[in-house]
Amino acid sequence: IPVAHCFGPPGHYKRKFCTVCRKQLESLAFRCEVCELHVHTDCLPFACSDCRQCHQDGHQDHDTYHHHWREGNLSSSARCEVCKKTCGSSEVLSGMRCEWCGILAHASCYIIVPPECTFGRLRNMILPPNCVRLVSRNFSKMHCFRISESLQTEPDEDEDVDGLTQGSVKDAQISTDSSKQTLKIFDGNDAVKRNQFRLISVPRIAKSEEVVEAALRAYYINDDQQHYELQTFSQQTLFSDDIINRNHATEETNPGPVFREAVPEAWIIRAKSKDHEVIRIYPGWLKVGMAYISLRIDKESTTQTVIKEVLPQLGRQTECLQNFKLLEVLMGSKQVQRMVLDDQEMILSRLKDIRKTSIRQMNQTRFYIVENNKSVVRVNLFVGGLPPQLSAEEYTNILKDDLAIKTNLLSLSHVYSVQGAVVLEMSCFSEAERIYMLAKDTTVNDKQLTAAVIPEVLHTKLPQNCCPLLVFVNPKSGGLKGRDLLYSFRKLLNPHQVFELTNGGPLPGFHTFSQVPYFRVLVCGGDGTVGWVLGALEEIRHMLVCSEPSVAILPLGTGNDLGRVLRWGAGYSGEDPYSILISVDEADDVLMDRWTILLDAQEAVESAENGILEPEPPKIVQMNNYCGLGIDAELSLGFHHAREEEPGKFNSRFHNKGVYVKVGLQRISHTRNLHKDIKLQVDQHEVELPSIEGLIFINIPSWGSGADLWGSDHDNRFEKPSIDDGLLEVVGVTGVVHMGQVQGGLRSGIRIAQGSYFRVTLLKPIPVQVDGEPWIQPPGQIIISVAGPKVHMLKKSKQKQKKTGSLKETRTDSVSITEVGH
């Protein structure tokens, strides 16, 4: 089934081979963001639309999934599933691999493997492609999979021409040898109009057959050279009525040397005219197990006669011809173009027209017989960045004013007023594309709108034991490691279950999975990112069928305290993404408290409307890890300001911690009597504070990148801390030196209290930080209380099983996925 590729930016990829020319990638090359296709920039036009089918789009939809084989780029230790011998190589393009289940085989062995794919070890985590529907005629693959536009640096059509031409110069290796001649070769009228040619180098005394063979080789066409001829390039070429066989001109048919004294600069490959030929008709999924039907056609053959001859071979001879149609499908690398052929279309004439336009295009064209199905157009578009707390009618009016929406073509299927977002359901492709492109350049109340194409998950078709993993990745976290993880997870899973948080936040992902009965979440980012996702989950929980999904963490931030407590480590350092997914699958479900912090400032602020001083309205924030007042928050604020001034430098964990140390040293001599500036009440009881500079409320036994602030000593006054006991621990620190000693494990903090309800009175402005987000809080009240239901988290198992699933699956997966991870 033809599926276009989704090419990211060109880059340098070591130890990879081009799928088209089969040579090693030593220069700039493209790779598909969804499958394992790698291709040189000048080979890109010759790549075929053979990407993974990740959703149903109304074209040849089916519920059975076969292996999706991709050749080469395997590790040298890869072993064949059939003969058990080595099938990978780092020297040549060899071996086959299924891009869904990861099974490996030799090119000569894979045909023995049963065709049905079971998705391998990750089958329960993958969102099955037949359970996802996305009708996306006018949208590129980048839009469909919500891949950042900033990544898309593909050449456009004009650039394509230059890239192809220059690449051809490289291939031809123009020789200074006087016995050699370098020629421009065009493959049809389209290439001539675009000035898109390939260069070949041949001996001056070469025969015409040898030149034709070299020209076909330059365009990666494997047909018999006897069916082609070369035509001298001239401007009259494009307008000649008889340019295919050129009336059997002597110069073309003479087997002698093709070049005379006056050597033409350019030539065009032409297919010789035929009175009849054999074409292939692809039935797709009309008959499983049959790749294509070979059919002999002549000058009288029409679309209708072809359908009439094909149906009996599919066992459909009793059915009406009008129930079927013949599709001409151009399988370009970046786009699949489908055209329904008219019933009276002369097939031989159509083939002649395609070859006249482009021999290469003919090589990428197939004919499919398909059933006539009336497909209903339904495109779902998520639009965020709107003003919050409005009604559906108010959102409709805003969209009418700013995007000029046509209400007869769309409806608001979902309204998320708290977040200021809506989901539009549209019945027109062009209107959907117009709104999508316009929204990205529109601001409402000085806020940029976001737009994302949302797939529809057919939840009733999900297998009973399926628990798909919803993956959120913050590409800005972890020294930009998030970008590599996005790429890896899109390949290992269905790209429709991987969401980039910089494009609309967590809401598009939760909306997509809103009807899935049971799913898990993986958040790739720092503690701030985890808090963002948990906060969004809390707000939308009542609209999810699976209202309490378990959340795993892949720590990409600086501190990663929550990741440490749940055994996911101090930070991601390039582990195999496949192993991470296995760990998530085997993780244990645990509960964790979340806390609500009410900030009620007593300080009056000037009203924007009438200039009158009014009390600042209370603010509510959520807390997962800890909340600090005083010196702890002051250091966070210093770091925060440094990062805002030079954000480009803060892309490594080591550098970030260095800045923390620098900020701490600058404040090492500061003395502040925090206990005189605040009052603390725990569970309705006043608590006398010792002489401290910082007061910290901790929910988890990790603070400041893994330090144990509470300490492990037994104390009869307090219960043993736990992340799900409904209690917070209150700890004091005497200054920067004390904090450094805690970080080094030399001391612990000063234990002050333990409780479930806290009231802090601020007598003067004091720095405050919640989960690493700092600010200056004016005088007033801070109330901390437990927030709603506990959240389900995933804790990495201590003893990871060595053998997961069958021996066969384990061996196959562990060998094959390694390359994808890198």
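Cβ coordinates come from backbone N, Cα and C, glycine included.
The domain 'Phorbol-ester/DAG-type' annotation in TrEMBL covers 4-51 (among others). The average pLDDT the prediction assigns to the domain 'Phorbol-ester/DAG-type' (4-51) is 90.
Per TrEMBL, the feature domain 'Phorbol-ester/DAG-type' maps to 66-117 (among others).
The feature domain 'Ras-associating' is assigned by TrEMBL to 275-374.
Mapped onto DSSP helix, strand and coil, the domain 'DAGKc' (464-601) counts 53 helix, 32 strand, 53 coil. Annotated domain 'DAGKc' per TrEMBL: 464-601, in sequence order.
If you look up TrEMBL, you'll see 795-822 marked as region 'Disordered'.
Taken from TrEMBL, the feature compositional bias 'Basic residues' applies to 795-805.
Among the features that TrEMBL reports, compositional bias 'Polar residues' is placed at 813-822.
Each residue in the domain 'Phorbol-ester/DAG-type' (4-51) gets a DSSP state, and the totals come to 6 helix, 12 strand, 30 coil. Within the domain 'Ras-associating' (275-374), the DSSP-based counts of helix, strand and coil residues read 30 helix, 35 strand, 35 coil.
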